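Heads up, the thing below is written out as structure tokens.
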Amino acid sequence: MSPQTETKAGVGFKAGVKEYKLTYYTPEYETKDTDILAAFRVTPQPGVPPEERGAAVAAESSTGTWTTVWTDGLTSLDRYKGRCYHIEPVPGEEDQFIAYVAYPLDLFEEGSVTNMFTSIVGNVFGFKALRALRLEDLRIPVAYVKTFQGPPHGIQVERDKLNKYGRPLLGCTIKPKLGLSAKNYGRAVYECLRGGLDFTKDDENVNSQPFMRWRDRFLFCAEAIYKSQAETGEIKGHYLNATAGTCEEMIKRAVFARELGVPIVMHDYLTGGFTANTSLSHYCRDNGLLLHIHRAMHAVIDRQKNHGMHFRVLAKALRMSGGDHIHSGTVVGKLEGERDITLGFVDLLRDDYIEKDRSRGIYFTQDWVSLPGVLPVASRGIHVWHMPALTEIFGDDSVLQFGGGTLGHPWGNAPGAVANRVALEACVKARNEGRDLAAEGGEIIREACKWSP
């Protein structure tokens, strides 16, 4: 071997497995305004120190691997590595802790939720040194927020388009969700809109099945919209689900909706994917369409307490990717603690600036600067007797989305819609007059029934 190519044992670095905390646990680190901050709930394997597990999360979700590699010398790890900068125990849990990780902004592609999630949660959740891992919250820095378009239009522009102010918007999901012909589907849409609803909705799994192809559904729903608008003098809409097997097909359906002149389309953003959702959001802004977002599949990700991601993270990601509405669930009949947590991420959807508040599950102060807000959609098992609570809890900037609570009315679809509208207007009027909706809600609804046709 020539002297030029001879490898000397004393040259290079010491290979082998090294503790992550030696490089990635930095409690002295002061976070920067440009860092993306993450709060992970960590459940480690027995016998592993919290500092090592927190550092492992930071390493495996940024620049690290299980050993030192020679190409580490070709870059600046101090500039690009994630850092576990704080660890705190989870109250009431002996084997869990919250690891706070800071990521330099240069690790992420501008305007890409897909890349952000691929980096932060794409690999580390399968790490065998952890029993479970949950991403509880993210702080998105202003510098990164400004690289996103966000919702196509936002709350105020939507109200201006619809010319509807001072109350929540009313919607209804057409049931049965599967099996209706396009013509019968359009009939149900017309009856609900004519009865007083602002919107009707495709169910999340209505795409283009053999019993009802998408183009037929779009045509009959557009007819229902225009007929109900002519008869009521109000602007109406139906969430036409543009979700499809390819991005190209999705955009084709959105183009057809625009050509029909309808005001809004819909997308299943988790099953459809963030890249598809961002593409559709950009199309909707460029072409004047509102965008309703359904969160189908969210419980696969957010239901487990110890593993996955909290919905507040998915809600923040949606605001960045783009959507004018998103289903947020409802707190009616739930525990008070769940109510506070739900309203925490509802505020993250609507407000420009949200202070850190751990009692509501908000781990970081979030500044959205000028990014438009998203209307939360309260849905799932609600009916007119929930209207006082829904009006009080969600306020005016929301969509109250019924299904069986409209279509299950014993007199039919249109009377069900009338009941929804009468109950809502009665509750809004009572609230504006200073009445206590929590205490007097039932009486308010019964009074309204006397005057409802």
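The backbone N, Cα and C atoms fix where each Cβ goes, and this holds for glycine too.
When the candidates S62, S379, S398 are compared with the substrate site entry in Swiss-Prot, which names N123, T173, K177, R295, H327, the shared residue is S379.
In this structure, N123 is the one among the binding-site residues N123, T173 with the smallest number of other Cβ atoms inside 10 Å of its Cβ. When the Cα atoms are compared, D203 (Mg(2+) binding site) and K177 (substrate binding site) turn out to be 6 Å apart. Listed in sequence order, the residues of the same chain lying 6 or more apart from K175 (active site, proton acceptor) and placing their CB within less than 8 Å of its CB are D203, G403, G404, L407.
S379 (substrate binding site) sits 11 Å from H294 (active site, proton acceptor), taking the CA atoms of both as reference points. For N123 (substrate binding site), the spatially nearest entry among the recorded positions K201, E204, H294 is H294, judged by CA separation.
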